[in-house]
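Pulled from Swiss-Prot, these are the features on record:
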- L134, G138, H139, L140: (6S)-5,6,7,8-tetrahydrofolate binding site (BINDING)
- H242: site 'Plays an important role in substrate specificity' (SITE)
- K243: N6-(pyridoxal phosphate)lysine (MOD_RES)
Amino acid sequence: MSQANAAAKNASSDVFFNASLEDIDSEIFGAIRNELGRQRHEIELIASENIVSRAVLEAQGSILTNKYAEGYPGKRYYGGCQYVDVVEELAIERAKKLFGCEFANVQPNSGSQMNQAVFLALLQPGDTFMGLDLNSGGHLTHGSPVNMSGKWFNVVSYGVRKDDHLLDMDEVARLARENKPKLILAGGTAYSRVWDWKRFREIADEVGAYLMVDMAHIAGLVAGGVHPSPVPHAHVCTTTTHKSLRGPRGGMILTNDADIAKKINSAVFPGLQGGPLMHVIAGKAVAFAEALKPEFKLYAKNVVDNARALAEELKSNGLDIVSGGTDNHLMLVDLRPKNATGKRAEAALGRANITCNKNGIPFDPEKPFVTSGVRLGTPAGTTRGFGVTEFKEIGSLIAEVLDGLKVANSDEGNAAVEQAVKEKVMALTDRFPMYGYQG
């Protein structure tokens, strides 16, 4: 090879290994930079979102993304896995310690895939299972007819009572006795009250069903000791690793049953997934280590305290909260007292730099893409450092936008009110910088 060719080769290699994202792909760099600006200057109230630590970001963006590792620690189908084995073993042991369980599978890539893995392990196509109705706060993977869970299985949905919007446990028991499901799924994405895991297990045992708990939304609160744990009661628990747990986006499956654990492991790999995302598993391990620290318990307590403060402030400003309040990190806000829809409210609040999502309320007369409510959550704001005082202010700002929207009575909203609130929001977020950023 000539000296010129060798120099060119070395230069190319130097660029590949050392050039920055900004140098290589300015378009993607720009989109990421703009998203960072959005996160810094907006109040994040989407209940399923949170903010990870710099340590989690560093782990997830590491060279572990290069490594294929099909199988499980000590039983891989590829060589060179001795260090990623350490990573996954740490994630497993930390998860077990965090939730007090005997077995943990940390490989699921998402919440949907973790639930699919349990179905694959414990059910056959056509089997009957019960889950919370989507309109009562359930999830697509809990039996929605548009989801695989609703297409492959016979789904019997339970819901909340019409008068108080609390889980109707009498209905759960009646439906279980009538339909003899093979599995009962408890947990949801928009239910703001404490779940009675013990009662669910009693019903499951009575009809000979597995009890599966999807605690994706409340896992951080369970880990922090401010919500009862389902682990002692359920045959199997699933959870995402983001949301209130404050880790990278992904899933996890927990159980105390060795036979179920074996079935779960086979269902995840090779049944559902191939090579696990080792860089994400590293991020999970870091997040679990953070959640095992004493300060995480204070974080979880603050999440709930902040949610209650926000709910009470909204009520004092004339809004209704589904079920009357919250015991966890989220609430459903009934917008009908302000003559607003979820679609309009989400857009108006977004223009004021307050991010949330439209959400159906129980027995909602509006269409799913319109809705009568919005779902609000406090995990991200609490991570940022907001306390009760700030969430009361946020509640007042939300009411201000909705009152302006009511006066405008149009999709365009009230520009003057929204701009005034936006300025207040930016003043608030500037006091609570993210990732070392000031101003």
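The backbone N, Cα and C atoms fix where each Cβ goes, and this holds for glycine too.
Residues L134, G138, H139, L140 make up the record's (6S)-5,6,7,8-tetrahydrofolate site, and a Cβ search at 8 Å around their centroid adds G131, L132, D133, T141, H142, G143, S144, N147, G188, T189 from the same chain. Of all the Cβ atoms in the protein chains shown, 17 others lie within 10 Å of the Cβ of L140 ((6S)-5,6,7,8-tetrahydrofolate binding site). Across the structure, G138 ((6S)-5,6,7,8-tetrahydrofolate binding site) and the residue listed as 'N6-(pyridoxal phosphate)lysine' are spaced 16 Å apart at their Cα atoms. Neighbour counts of Cβ atoms within 10 Å were taken for the recorded positions H139, H242, K243; the minimum is at H139. L134 ((6S)-5,6,7,8-tetrahydrofolate binding site) and K243 (N6-(pyridoxal phosphate)lysine) have their C-alpha atoms 19 Å apart, to the nearest angstrom.
A coil conformation is recorded for H139 ((6S)-5,6,7,8-tetrahydrofolate binding site) in the three-state DSSP classification, outside any helix or strand.
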